[in-house]
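K.L.:
Okay, handing you the structure first.
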Ligand SMILES: Cc1cc2nc3c(=O)[nH]c(=O)nc-3n(C[C@H](O)[C@H](O)[C@H](O)COP(=O)(O)OP(=O)(O)OC[C@H]3O[C@@H](n4cnc5c(N)ncnc54)[C@H](O)[C@@H]3O)c2cc1C
């Protein structure tokens, strides 16, 4: 059976959920071979094996943390040469897309980014993408070389599928370009204790209507009652009420949770681009004409300062 | 210092964007404009120029149809010095890899110390062209910066990643991209608009760049779009007016859907 390379997104050996979703998709096409790089690479093997990786190629070197993007491209290229895979799957983070694009160019292959689904086709994997702020769905395939495909988080279920997960050292020679861009300092993002925005099953977000940083406490309280992540519109971020890392939309994160609750958000096209593929959408807005109501499964026309706290209380009561 | 800013002419995101019969983006029925995300790149180029003791020449470069000149004019009216328009009938349907080839050849022909791009286009939204450009040019990639400094032949900047915020550093020549957090783009002044009319716009085609027609366009694309379908409109949901029980009603809906 053909092998499929899966690029592992991990932090010091802790594998991120998006990678496990890639393994589910990779198994549709062939046998997943994972590539884990940098500090803690070998520690990823057990988790990857549980989810279907037949092999885990690892390489640890300081370059992966000390320089931007290119060392990872060098390693993936080495893995492609070693394995001759049927496809290469990479998580669709900002960095993942850059790594994937440079890899594709080097190996003379086409690239598809931000796939939301993947199926087997007669002429190779067929990727589904959501375009124009998710108002269109396209199906496309790579027509030259080894398909390089980046996949958005929450595009597939995480499935247990025990496999060997044999760890093998990958031989990597870094290119001249590898040390071109130095990472001189790194400040890890502080954990909020809430789920990761792009991975969360439920996202509760606030916009300009929240009207102040201190008022985000009521959005957070609702999120916590549901075990949800907190997001924000750009208007709320630009006003300095919530960090940019929580921005949802075209120039922020793209989320696709089971449930999205928007409070005080009008639903501009650039915001929709980041949340329109959510399964169930709920909005609270005092303007009955707000475009967000065109998307909702359930909407409440009302003041969020009345509706949100009541909702939070009721959820707590129901949960006991 | 020579700065080349790459800009894209895109269909207005608030318009009714759709696909043409050959499954390329239809550019006829929707107004086009300079991608808002590229305005941030023009702005950073202008700020670098204003903060530099050296002479800085800013060239804006676009690859696109005749109308794409509008995007160049806008960038010139913001304050860029000159413009290059790469236009060729064979370019219709070019993918990101092909676009990066054209941009790389054009940037090399123009001469550069620093290339600045926006973080992504507002239509394709792939966000990979700056990385591809760096790969093709063989120079450092300093991308997705939200804060930028250029001094003594070195670019430094802050890149806010998923897991961490990173401080980056590279020597020129380099390819940089900036986010919409890098600083509001200025509006063209009346004087700027008038001055832009007199600024030079050069037109190049594929032969000027030694690129063969089959390396670009729909035929040269390494990805094929097989179908494009409008997403079915979401079935109209239930909308209630809060009469004092709105929160409770919403909770009941969430319970019915098994979220509570
Ligand atoms: C290139 C580009 C990229 C962009 N990227 C993004 C992006 O990534 N993400 C993003 O979100 N935006 C983005 N935008 C901005 C976008 O166009 C909108 O300006 C933004 O989404 C508006 O945020 P909002 O809905 O919070 O604010 P508004 O549009 O001002 O809406 C606020 C809403 O709150 C409601 N409201 C006010 N008070 C209350 C109350 N007490 N109770 C209930 N409802 C209330 C109002 O009725 C209104 O509908 C981008 C724009 C551009 C040009």
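Placed from the backbone N, Cα and C atoms, the Cβ positions cover glycine too.
Under the heading FAD binding site, TrEMBL lists A:208, A:233-234, A:247-251, A:264-271, A:285. Residues or ranges marked as domain 'Electron transfer flavoprotein alpha/beta-subunit N-terminal' in TrEMBL: A:4-183.
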K.L.:
If one looks at the chain holding residue A:268 (FAD binding site), which residues at least 6 apart in sequence have a CB under 8 angstroms from its CB?
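P.N.:
Listed in sequence order, they are A:233, A:249, A:291.
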K.L.:
Hey, which of our binding-site residues A:208, A:250, A:271 end up with a Cβ under 8 Å from chain B?
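P.N.:
Answer, by Cβ distance to chain B: A:250.
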K.L.:
Of all the binding-site residues given, A:208, A:271, which residue's CB has the most CB neighbours within 10 A?
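P.N.:
Comparing the binding-site residues A:208, A:271, the most crowded Cβ belongs to A:271.
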K.L.:
Which whole number is the mean pLDDT over the domain 'Electron transfer flavoprotein alpha/beta-subunit N-terminal' (A:4-183)?
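P.N.:
For the domain 'Electron transfer flavoprotein alpha/beta-subunit N-terminal' (A:4-183), the model's average pLDDT rounds to 96.
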K.L.:
Quick one: give me the count of other CB atoms within 10 A of the CB of residue A:247 (FAD binding site).
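P.N.:
Its Cβ shell of radius 10 Å holds 25 other Cβ atoms.
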K.L.:
Please identify, from the binding-site residues A:250, A:265, the residue with the sparsest Cβ neighbourhood, meaning fewest other Cβ atoms within 10 angstroms.
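P.N.:
With the binding-site residues A:250, A:265, fewest surrounding Cβ atoms within 10 Å: A:250.
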K.L.:
State the three-class DSSP label for residue A:208 (FAD binding site), counting H, G and I as helix, E and B as strand, and everything else as coil.
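P.N.:
Looking at the DSSP assignment, residue A:208 (FAD binding site) belongs to a helix.
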K.L.:
Going by DSSP, is residue A:268 (FAD binding site) part of a helix, a strand, or coil?
P.N.:
coil
